[in-house]
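I have placed the structure first, in the form of structure tokens, so that the comments after it can refer back to it.
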Amino acid sequence: QTWPPVEGRPSCKRCGACTRMWPPEANRCVCDDIVPQCHEGCSKCEKVDTRSGKPLYQCQSFEYYNCAA
């Protein structure tokens, strides 16, 4: 099993559901961040309705992230 280096992963302030693998670097997570644009490797990018009317998105697929929390 190989996974991308932590340094090259997109950062995520709030990781939601994650797989439970060992070591921790092997885990993929769903990022709960709402962002202006999904990162390049996101395979399921969903538009989020906001009060401001600005188009914002959330990546809803399990991906490799650099999780802050």
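Yeah, the Cβs are placed from backbone N, Cα and C, and that goes for glycine too.
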Which cysteine out of Cys31, Cys45 is the one Swiss-Prot pairs with Cys38 in a disulfide?
-> Cys45
With reference to Swiss-Prot, which of the candidate residues Cys12, Cys29 participates in the disulphide bond with Cys18?
-> Cys29
Between Cys59, Cys67, work out which one Swiss-Prot annotates as bonded to Cys42 by a disulfide.
-> Cys59
What subset of the disulfide-bonded residues Cys12, Cys31, Cys38, Cys42, Cys45, Cys59 lies within 10 angstroms of Cys18 (disulfide bond), using C-alpha positions?
-> Cys31
Cβ neighbour count within 10 Å, max among the disulfide-bonded residues Cys12, Cys31, Cys42, goes to Cys31
Within 10 Å of Cys45 (disulfide bond) (Cα basis), scanning disulfide-bonded residues Cys12, Cys29, Cys31, I find none
Spatial neighbours of Cys29 (disulfide bond) that are distant in sequence (at least 6 apart) but have CB under 8 A = Cys12, Cys15, Gly16, Ala17, Cys18, Thr19, Phe62, Glu63, Tyr65, Cys67
